[in-house]
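First comes the structure, then the notes that go with it.
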Amino acid sequence: MEAKPPLYPVAGAAGPEGDKDSLGVPDGLAHAVPQLDELVGAYPNYNEEEEERRYYRRKRLAVVKNVLAASAGGMLTYGVYLGLLQMQLILHYDETYREVKYGNMGLPDIDSKMLMGINVTPIAALLYTPVLIRFFGTKWMMFLAVGIYALFVSTNYWERYYTLVPSAVALGMAIVPLWASMGNYITRMAQKYYEFSHYKEDEQKPQQRPPRGSHAPYLLVFQAIFYSFFHLSFACAQLPMIYFLNSYLYDLNHTLCNVHSCGTNSHGILNGFNKTVLRTLPRSKNLIVVETVLMAVAFLAMLLVLGLCGAAYRPTEEIDLRSVGWGNIFQLPFKHVRDFRLRHLVPFFIYSGFEVLFACTGLALGYGVCSIGLEQLAYLLTAYGLGASAASFLGLLGLWLPRSVPLVAGALLHLLLIISLFFWAPVPKVQQHRWILYAAAVLWGVGSALNKTGLSTLLGIMYEDKERQDFIFTIYHWWQAVAIFAVYLGSSLPMKAKLAVLLVTLVVAVASYLWMEQKLQRGALPRQPRIPRPQHKVRGYRYLEEDNSDESDAEDCGQGACAEEEARQRRPPSGREPAGRCRRPCPYEQAQGGDGPEEQ
């Protein structure tokens, strides 16, 4: 019986001469070489330029995703905060609600201290905001501040002095860091989008910085998107009022029975307003459901910032920003006062804080609620928010017009409205002029949108150095916080005094801004503080040290034995510096046959 040939060749078996080709290479190896080339060789249809284009397109889409996620997170956070605060203050204002729910706990006193914590604490924000942003990083500062807003929402499950007041103080501390890091984040996204759109120019000139103002078109678009979402939060904040609290409110004939003057003739906030505004008290179970929905939305905002917002800087850039020294980081916001551009913009910063508070208190309460009732408050603020959200895209006019046009146009619109409000005193409980109030709210929102979008875009264009942006936006939002604190102190002033302060501030802001633009056109050079060079004292980063700073592979090197050697390595190099006892020879030294510089 003939033996069948083996299915597989026996390893190491010496075959006949026919098992080799003419070059003496075994047949199996000769067949394996083409298969290996097919496996590890270059892909035949690979197009390097096309792959590079797709890569940077994904990078640009990631930047757009970051802008949308940050904008949506800010909208949800501020909407939850405003909606909860508005509903809470209305409930606590009602005498029957306070007596039945809380007895003699002193709820008005708690509310006054809570408002004081929210409005007074940001005054100290200039001292710690840049340090916190540099310490945590821009993205993580946003996440931490949104978490503090969520903490404030959670304390309303158990309304006591020791829950509401500390959370309000913490919220006041987080206001300026949140919006400063948001402004810095949007500006950085515009710069990164420019880098990913012009990557070929970076490859040709890798060491040169992009031209000044090159990212301005992208910044205009991103700021318009951000403030469109931000102003939409004023409309979202009214959802608890519209779908829950309005069904419990008295009509205007009851709440306005003792109100005799409105608008420019009014004093304080709703002087003579009825102390009972609730027809029936809402059940605790329903309140818990509303607060749970608000808490879920705040938690969703945290997840948006955490999961969808990418980093604003590369890790090496984050290290460089921290390495200028914490003392320098603390001082640099104050040193930027020497820049005449910031000094000229300070009145606009203050007016930016005034006009938002006037829309929510002066226009909505002194003119709206005082004349057409508390049940119309939510719809007035919704009109303001929707008008401002839609008008934020008017900031894109800066793509074709000079940058001063949108900012000055918004200021002129507010100027006309302020002068009109000076001479208008609506009659209480008269509904015929309701359309005038809604038109005024929408037009005020248009002016607010042009103001906010124009200021943030202007700062991002003038201060495009990534080492300065967090300082600049900190100064901007700190002055806004100072203005809000001034409005809080002057809440009992007559309406004419408030309008006069608003008018004077607006005129000074426009004149100061136009003076700044004239100085820049004449070629005046701003005086900016020097940013110190990073001093890298952290060991373990190879790309930051001239020598190998990774001491993890030194087996015989203890902390005490190498202290002197580490001190010597920190000195500036002078010629060929001898290596220490604990450093292993580098591969080049080993190739020379020696054990390192010790033998020389």
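A Cβ is built for glycine as well, from the same backbone N, Cα and C atoms used for every other residue.
Curation plays no part in TrEMBL annotations; they are all automatic predictions.
Per TrEMBL, these features apply:
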type	residues	note
COMPBIAS	546-556	compositional bias 'Acidic residues'
REGION	1-26	region 'Disordered'
REGION	546-600	region 'Disordered'
TRANSMEM	63-84	transmembrane segment
TRANSMEM	114-133	transmembrane segment
TRANSMEM	140-158	transmembrane segment
TRANSMEM	164-186	transmembrane segment
TRANSMEM	218-245	transmembrane segment
TRANSMEM	287-313	transmembrane segment
TRANSMEM	345-365	transmembrane segment
TRANSMEM	377-400	transmembrane segment
TRANSMEM	407-427	transmembrane segment
TRANSMEM	433-450	transmembrane segment
TRANSMEM	471-491	transmembrane segment
TRANSMEM	497-516	transmembrane segment
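In summary, the transmembrane segment (164-186) lies against the transmembrane segment (63-84): three or more C-beta pairs, each 6 or more positions apart in sequence, are under 8 Å.
Between the transmembrane segment (218-245) and the transmembrane segment (471-491) there are fewer than 3 Cβ pairs closer than 8 Å, counting only residues 6 or more apart in sequence, so the two stretches are not in contact. With pairs at least 6 apart in sequence, the transmembrane segment (345-365) and the transmembrane segment (497-516) have 3 or more Cβ pairs within the 8 Å limit; the two touch. Just going by CB pairs under 8 A, the stretch in 140-158, 345-365, 377-400, 433-450 that sits most against the transmembrane segment (287-313) is 140-158. Between the transmembrane segment (114-133) and the stretches 63-84, 377-400, 433-450, 471-491, Cβ pairs under 8 Å are most numerous for 471-491. Proximity of the transmembrane segment (433-450) to the transmembrane segment (377-400) is established through 3 or more Cβ-Cβ distances under 8 Å for residue pairs spaced 6 or more apart. Remote same-chain partners of the transmembrane segment (471-491), defined as residues 6 or more beyond its termini with a Cβ less than 8 Å from a stretch Cβ, comprise 115-116, 119-120, 122-123, 125-126, 129-130, 133, 175-176, 179-181, 183-184, 187, 268-269, 332-333, 336, 342, 345-346, 349-354, 356-358, 361, 455-456, 459, 463, 497-498, 501.
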